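S.K.: For reference, Swiss-Prot lists these features for the protein:
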type: ACT_SITE; residues: Pro2; note: active site, schiff-base intermediate with DNA
type: ACT_SITE; residues: Glu3; note: active site, proton donor
type: ACT_SITE; residues: Lys61; note: active site, proton donor
type: ACT_SITE; residues: Arg271; note: active site, proton donor
type: BINDING; residues: His96, Arg115, Lys161; note: DNA binding site
type: ZN_FING; residues: 247-281; note: zinc finger
Amino acid sequence: MPELPEVEVVRRGLERHIVGASIDSVDILHPRAIRRHLPGAADLAGQLTGERIAGADRRGKYLWLVLEPSTVALVVHLGMSGQMLVQPPELPTEKHLRIRARLDSGLDLRFVDQRTFGGWALAPLVEVDGSLVPDSVAHIARDPLDSRFDLAATVKVVRGKHSEIKRVLLDQTVVSGIGNIYADEALWRAQIHGNRLTDRLTGPRIGAVLTAAQQVMREALSQGGTSFDALYVNVNGESGYFDRSLSAYGQEDRPCPRCGTAIRREKFMNRSSFSCPKCQRAPRRSPAR
């Protein structure tokens, strides 16, 4: 599923193309796309119609549109395959179009989702740590690209856990936006195995992992994110190309760019982890999972 850079690419596109526009009408074309909005399709369409899109915001992987004059946000769940496309209305309807919003700017905002894990929902905005976020996102920590991300405080929280460092990196209540791809890339850059226990790592080593996560996600963002298939696209339907720059993730049996040792794939939390067995020494005894 998309991680921080991919979601930020979408957010920037929405900010560029639809912020300032008002919603003239909304067509709900598949019930699963609004299943998180419990009052139903008519309520969602009714509340959105006439609203002005005042902003496009994000925290970690969570994306939402700020609406005026209401005090609610449109939370967009991209799921595994969700796309937010800004299209001229005369373009043919996409095969997996789930929601279409007609804007007064003359454009369509289209939510396309092949696997139907994503969707739209309205949520009230609440203040958390000096920022307004949807109440459904209130428990999510700041991400490494947030201007108010506190590296030292996050290092302290991470070190206070008794868990594998990769597991903690994936915990969105500790630090948000990092998924499997960028966790593996950050750990490779910091030369730390994902099974290392956080309370056995020094503060500087944990800081190195988080700094590496910042760096790799900034680089991915500059390349439009990581696209492994046609489902990961920006608002214009274009794919990113950071997958060409990955050092560890998905590189099983290929030489480590640093030392030449074959990258190894291991099972972790019902997914795959990729690491260099030489640069990232595994602990003698892997913690029970």
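Backbone N, Cα and C atoms are what each Cβ position is placed from, and that goes for glycine too.
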S.K.: Using Pro2 (active site, schiff-base intermediate with DNA) as the reference point, find which of the recorded positions Lys61, His96, Arg115, Lys161, Arg271 has the shortest Cα-to-Cα distance to it.
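M.R.: For Pro2 (active site, schiff-base intermediate with DNA), the spatially nearest of the recorded positions is Lys61.
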S.K.: Select one residue from Lys61, His96, Arg115, Lys161, Arg271: among these recorded positions, choose the one with the most other Cβ atoms within 10 Å of its Cβ.
M.R.: Lys61
S.K.: For the zinc finger (247-281), give the DSSP counts of helix residues, strand residues and coil residues.
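M.R.: Helix (H, G, I), strand (E, B), coil: 0 helix, 12 strand, 23 coil.
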S.K.: Sorted by position, what residues of the same chain at least six away from Glu3 (active site, proton donor) have a C-beta under 8 A from it?
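M.R.: The list for Glu3 (active site, proton donor) reads Lys61, Gly177, Ile178, Gly179, Asn180, Ile181, Tyr182, Met217, Gly225, Thr226, given in order along the sequence.
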S.K.: Please compute the mean pLDDT of the model over the zinc finger (247-281).
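M.R.: Here the mean pLDDT over the zinc finger (247-281) amounts to 97.
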S.K.: Sorry to bug you, but what's the C-alpha spacing from Arg115 (DNA binding site) to Arg271 (active site, proton donor), rounded to the closest Å?
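M.R.: So the alpha carbons of Arg271 (active site, proton donor) and Arg115 (DNA binding site) sit roughly 19 Å from each other.
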